[in-house]
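J.: Structure in structure tokens, see below.
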Amino acid sequence: MGWKVKANDRAYHQLPEFQKKVFLCVKKSRYSGNAIRTYKYNALTFLPLNLFEQLKRAANCYFLALLILQVIPDISTLPWYTTLIPLVVVLGITAIKDLVDDLARHRMDKEINNRKCDVLSGGSFQESKWRHIQVGDVIRLRKNDFVPADVLLLSSSNPNSLCYVETAELDGETNLKFKMGLRVTDERLQEERQLAEFDALIECEEPNNRLDKFTGTMLWKGERYPLELDNMLLRGCKVRNTEVCHGLVIFAGTTGDKPTWLNRTKIDELMNYMVYTIFLLLILISAGLAIGHSYWYDDIGSKAWYLYDGKNQDASLRGFLSFWGYIIILNTMVPISLYVSVEVIRLGQSKFINWDLQMYFAEKDTPAKARTTTLNEQLGQIQYIFSDKTGTLTQNVMQFKKCTIAGRSYGTADVNGEDRCHAEPEPVDWSWNRLADKKFPFMDHLLVANVRSKKDKEANEFFKLLSLCHTVMVEHKDGDLVYQAASPDEGALVTAARNFGYVFLSRTQDTISIREMEQENTYEMLALLDFNSDRKRMSIILRFPDGRIRLYCKGADTVIYERLSPNSRYKESTQTALDVFANETLRTLCLCYKDISTDEYEAWSRRHKEAQVALVDRDGALDRVYEQIENNLLLIGATAIEDKLQDGVPETIAKLAKADIKIWVLTGDKKETAENIGYSCSLLTDDMHIHYGEDVNDKLRIRQATRRNVPQTFRHGKKKPEEPFFPEPGKNALIITGGWLVRKSSLFKGGAYGAVLPQIDFVDMACECEAVICCRVTPKQKANVVSLVKKYKKAVTLSIGDGANDVNMIKTADIGVGISGQEGMQAVMSSDYAFAQFRYLQRLLLVHGRWSYIRMCKFLRFFFFKNFAFTLVHFWYSFFNGYSSQVAFEDMFITLYNLCYSSLPILLVGLLDQDVNDRLSLKFPKLYLPGQQGLLFNYKNFFISLFHGIFVSLIIFFIPYGAFLQTMGQDGEAPSDYQSFAVVTASSLIFVVNLQISLDTSYWTFVSCFAVLGSIAIYFGIMFDIHSAGIHVLLPSVFTFTGAASNALRQPYLWLTIILTVGVSLLPVICIQFLHKTIYPSVGDKRNRKKYEMELEQDEKKKPSAFQRGGRSRRSAYAFSHSRGYADLIASGRSIRRRPTGRAGNQDTIREAPRREAENI
């Protein structure tokens, strides 16, 4: 059943046919209320729901199970508070964060639900709260009001129900959008009485999350009218420049978004696997010690009368209970505070990115923005970058530079490259045109003279086409014309026509007015065939003042040339000009026209109207109808627009390439344009071998033939053959088109084996190249290319783009970066990181990404080490206490070790440490390599941390054990008791752990120094407090170490024992670090920097030229990457701007262009 809405009839929506079952026999209406609820909890559900969500984490659930075990007397070996306090702290911090977030959501929901709006009720408009609005209500909105629901625009105070809205809350774009009501509702629904009698039935699609499409029909008084997105005001839009508008509520409330799948970093995955490994080690160690206790009890414990505990338990039962006891004792091997600490570090690193002034773009007041906190360290492991071209590598600020008209090229140079102007050409003076944009630069005076003389009919028709065939909207501000275009390209073309004397003045739904060399003419617009990424062209069908019907079309040369008439002239000369324009990296667009007879138009118009009201595949039906009229076209010429590179793009690409990051450019532009941009931005160099689709086909066929002849060399799941695709020496680059990918789609069909092999071959070959350029690719193809590399190379990928067509690619990659450019904010809204210029990418990766990776790896390695060193002391102690689950430390020390005594120094290392500063990180891109290779955190590092912890725990236990074996204090007593031993081992551990992190710290600050000394001071302060007699009196059963610390630490030889323990623990580490930096220096060590500096100087000496020119014939094309234009809007309503009555009522006042001039074209 589709979605049905009856105007002004709330009872209709409660009919049984619109009821849905929610639970057992309970039913409710399909039409939800308008109140929104984004919060998760209320006062009753916060504690249970939040605890439930947190206990979904394996670590939290594990510690809760431990807490339950600790309350069982036969098992418990540690007081319950040793687990409860850390667990409560961790759960409490997370719960407070969730509560603060949810309270903010509560406030936002309340503010939105209580907004006021006028609702038609009882024949008049009554003020009502948003939450009380229902589907089918007619509402009234005023200027600057937010739209409370998804509303069908019925009428407005503007001419012909035009309504301006701002969609910043939906897609981040602040430029005004245009919406328009249907002609029938505009004419009949202006008064309250008319609106109250409105009883139309709307049939449309179900509520969904798509912001770019809406399909429906309105049935009213026996007539059916098509509804589209341009008739809809979406919830969250803001009404602008419109005093009053009326609408019918179609969808109320909000459509729940599907949960977003959060990208997880490689370090996250490794960390989880390592925690599972620790679980396994914990179980094995506990089982071994439990077995040891069973044997010990059989041999010794059961026979020693002084060990009798009054429990008649056999050895097996005691071993079983001992197993659970050791699970409790050794639980600190699994770090409970690990996840909280990681989130704190990531949050801090995200703030550093936001605060980086060197990534702040002052021109647009745009700082860098980390829109996620979970991927920072992944920025230090990027292997492949997938970049859009237009607006990402280039500025996306278009300038009309050159053109070819009727086979003759105009601009600063002609086809043969002969300079028409002087060495320093003077720009054209536009003072003769009072409506010209005085900032428009153009150098060729000859073209201006030709147009002004009106002798060159082709040139006049060329600019007439540019002024008529577009979807630009115009506003009159302070006596000046302000154009709002769907893309910068289109705005540049209309501005060019304006300066050459063909000024676009205004448009209505069925007319368009221009000034042609001081003569104003109005053309009737019969149809507007808008651009989309598949059509790659747009057309307009006009009725001239003399009654002739003509179609104007502009589009990419690939689609235009396919549709040209065999009698069309200027094909070869225009192709030659396109080659020249491509060598200069200009973006081109072909212009053509076609005269249509009245009978042909009327037959086509009927088919067009049928396609407009189709409910199924309306877009496809319209495209098929468009194809029927866009044929046998006559070529006029082509335009050439310049899109300059952004500042710093070549340098950024060169540095990223030195960091062994491979860059793929995925663009909607034509091959030749993309290739030349590749040269100009240093992605392609003169010493590269360029391979095109034909070369690729040959190499893929050879690989497949080899596999068929020697099938045993390759099987699915086994290694691919060793021989590379490009065995010859030198760098390689690959340039392919979207059409090639479409033709090769057959390779990806078939069974699992047949489908996988061509994909692997293609990815392997592309990844052997230094650079890859994919041109003429659709947004879906961009995403597919990214997913192939992710799937078969297991590589960390980053996509960067600035437009709506880059969203799929950005979401598919491991990390998405959006550039806030000229194409709106859709890319930024879908990204993980955002900034204003491509050049900031090198700082994001080589500085922030690298630092984040190094910090996180160092944090994790040390975190695991300090927990192993602490926990395994219990393991060694077990061999001397009959494996009886006795702890080696005092209970409060176990509780506070991870919370107070060892957490702050390592947390600061994770936030502030840096092996080299930002300047050196950018100067030596090879410092980035360890992150790509995952050298700083892997299972090898994990086991090094494990064995380091085992070694330190051995030293910390056995040196004090030996010292306590046969000793005598100054007072003649032997302080070789358990409590003094626990104090000495705990003190040694605190010194070792804090001094070890000091050795691992590369970047010292006052805060770091304070953290290390402060942690040691906190330990001694708390220890003396909990060992004091005063606190023992308060809780004698909890604080049993009365006077132990003061008694033990006044013995000089115990201080010597601590010093010896710390020295023996740290000395091997110091020696290993010294030898490692001397013999095997890392990429960040000073010894390697000189080598990199020399390599850098050599690279600078042999730096290649910017790019080749004229090396081969290249053609360029208009970049069809912008979003859909305003054609649907223009065609869906009636007039956008109401014409003056005199001109509208008397067609004779319109000055018509002479038929004879038009016929000369």
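Cβ coordinates come from backbone N, Cα and C, glycine included.
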J.: Look up transmembrane segment in TrEMBL and report which of 73-93, 892-912 it refers to.
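T.: From TrEMBL, the annotated transmembrane segment range turns out to be 892-912.
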J.: Ten-angstrom check, please: count other Cβ atoms within 10 Å of the Cβ of Asn805 (ATP binding site), all chains counted.
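T.: The answer is 26.
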J.: For the domain 'P-type ATPase N-terminal' (6-84), what's the model's average pLDDT?
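T.: On average, pLDDT over the domain 'P-type ATPase N-terminal' (6-84) sits at 79.
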J.: Mind giving me a neighbour count for Asp802 (Mg(2+) binding site)? Other Cβ atoms within 10 Å of its Cβ, every protein chain shown.
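T.: I get 32 for this one.
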J.: Are any of Phe531, Gly668, Arg776, Asn805 (the binding-site residues) within 10 Å of Thr390 (Mg(2+) binding site) when you go C-alpha to C-alpha, and if so which?
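T.: Candidates kept after distance check: Gly668.
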J.: Between the Cα atoms of Asp806 (Mg(2+) binding site) and Asp388 (active site, 4-aspartylphosphate intermediate), find the distance and write it as a whole number of Å.
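T.: Cα of Asp806 (Mg(2+) binding site) to Cα of Asp388 (active site, 4-aspartylphosphate intermediate) measures 7 Å after rounding.
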J.: Of the recorded positions Asp388, Phe531, Arg587, which one has its Cα closest to the Cα of Asp802 (Mg(2+) binding site)?
T.: Asp388
J.: Near the Cβ of Gly668 (ATP binding site), how many other Cβ atoms are there if near means within 10 Å?
T.: 29
J.: What does DSSP give as the helix, strand and coil breakdown of the domain 'P-type ATPase A' (113-176)?
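T.: Its residues fall into 11 helix, 31 strand, 22 coil.
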